[in-house]
Amino acid sequence: MVKAVVLGAAGGIGQPLALLLKANPLVTELGLFDIVNTPGVAADLSHISTPAKVEGFLPPDDGLKKALAGADIVVIPAGVPRKPGMTRDDLFKINAGIVKDLAAGIATTAPKAFVLVISNPVNSTVPIVAEVFKKFGVFDPKRLFGVTTLDVVRASTFVAEILGDLSLSKDVVVPVVGGHSGVTIVPLLSQSSHPLPAGFAKDSYDTLVNRIQFGGDEVVKAKSGAGSATLSMAYAGAEFAAKIIRAVKGEKGIVAPSYVSVEADAAGGAALTKELGQELAFFSSNVELGTDGVTKIIPLGKITEAEQTLITAALPELVKNIETGVNFIAAAYSTEEPRL
Ligand SMILES: NC(=O)c1ccc[n+]([C@@H]2O[C@H](COP(=O)([O-])OP(=O)(O)OC[C@H]3O[C@@H](n4cnc5c(N)ncnc54)[C@H](O)[C@@H]3O)[C@@H](O)[C@H]2O)c1
């Protein structure tokens, strides 16, 4: 029995993500929460002939608590997407408070759930969830994940395009490490399961790295003000959620990049910290998943000089982003008691 819950389920990501979770035969219950429209989304999905029982909730009458009751896995795409001209700081100001309140709901109602954060900026919203959980005394670093899968999905697709065969994209595996915005996104193309063509030019490499780092901008621009990536993000979120569910059900050897606390695996975290040459509370690296969440943080391993340069550029930005999240919660709880 697996209960999955989507917070922000009526949105551009939330609806197709809920659809894909409803299509996953391992999900037996699906709870949908949003500030609008969830009864309609739930009624619609409930007609699909798959096992999951679907229920939609709105804030009145303890809707958040009811949605979260008994949750095994909670995915959070609630918040505002980036519009052209909007900075990550603008986005942070709106989404930080939303994620804080939803995290308080999870901490009090489903503290053992696996929590998958999609709401941007992920580099800061994941520390926000961690800090809220610490305030409530329920933080388990093995169970909190920043969803960076869209970067991985984009890298696989773009490499398959370069290899001239899109049918390969499902099998191309490129570890993408660091964080989940701009220069903090570091694709380790030298470790791709399908190497780039021999003699791949330096400027083509730079273009590819840039496209993986700023693929989100391509979508924001193409949608001209109507939002950011939703369908590809829903696909990526559902893929990552499916991996967690399979691991929790006992499947071994599932590895995927995710933005996690380095405390999730002391030995792996220490090895990663040594490679990075500095301590960071959160970093996206390949992680091995098991019944309790993260079982291993897999260090970067052998990387090229070009990749090392990208990591070096990512670190100061990541440090700043993590601090922003931590400071937001410290300031919020200096004037209010942590409560739902
Ligand atoms: N991690 C990633 O790779 C990635 C990719 C794309 C977008 N995103 C982020 O995902 C988030 C959602 O994007 P979207 O395009 O679906 O936006 P959207 O505006 O279409 O949907 C967001 C939904 O959140 C709901 N919401 C707002 N406040 C809420 C609250 N307090 N509780 C519950 N629900 C609430 C809204 O009602 C809306 O239905 C944004 O922060 C966006 O930046 C992340």
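For all residues, glycine too, the Cβ spot is worked out from N, Cα and C.
Copied from TrEMBL, the annotated features are:
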- H180: active site, proton acceptor (ACT_SITE)
- G8, A9, A10, G11, G12, I13, G14, D34, N95, I118, S119, N120, M233: NAD(+) binding site (BINDING)
- R82, R88, N120, R154: substrate binding site (BINDING)
- 3-146: domain 'Lactate/malate dehydrogenase N-terminal' (DOMAIN)
- 148-328: domain 'Lactate/malate dehydrogenase C-terminal' (DOMAIN)
Expressed in angstrom and rounded to a whole number, the NAD(+) site built from G8, A9, A10, G11, G12, I13, G14, D34, N95, I118, S119, N120, M233 spans a maximum Cα-Cα distance of 18
Tertiary neighbours of G8 (NAD(+) binding site) (same chain, Cβ under 8 Å, six or more apart): G14, F33, D34, I76, P77, A78, G79, S119
Among the binding-site residues A10, G12, R88, R154, name every one whose Cβ is found under 6 angstroms from ligand 1, counting any of its atoms. A10, G12
Taking only the residues the record lists as binding substrate, namely R82, R88, N120, R154, what is the largest Cα to Cα distance between any two of them, in Å to the nearest whole number? 20
When you put H180 (active site, proton acceptor) at the centre and draw a 10 Å sphere around its Cα, which of the binding-site residues A10, R82, R88, N120, M233 have their Cα inside it? N120
Which one is closest to G12 (NAD(+) binding site) in space, judged by CA to CA distance, out of the binding-site residues R88, N120, R154? N120
Determine, using Cα-Cα distances only, which of these binding-site residues is closest to A10 (NAD(+) binding site): R82, R88, R154. R82
Rank the binding-site residues G12, G14 by the number of other Cβ atoms within 10 Å of each Cβ, and give the residue at the low end. G12
Indicate whether G14 (NAD(+) binding site) is helix, strand or coil by DSSP. helix
Work out how many Å separate R88 (substrate binding site) and N95 (NAD(+) binding site) at their Cα atoms, rounded off. 10
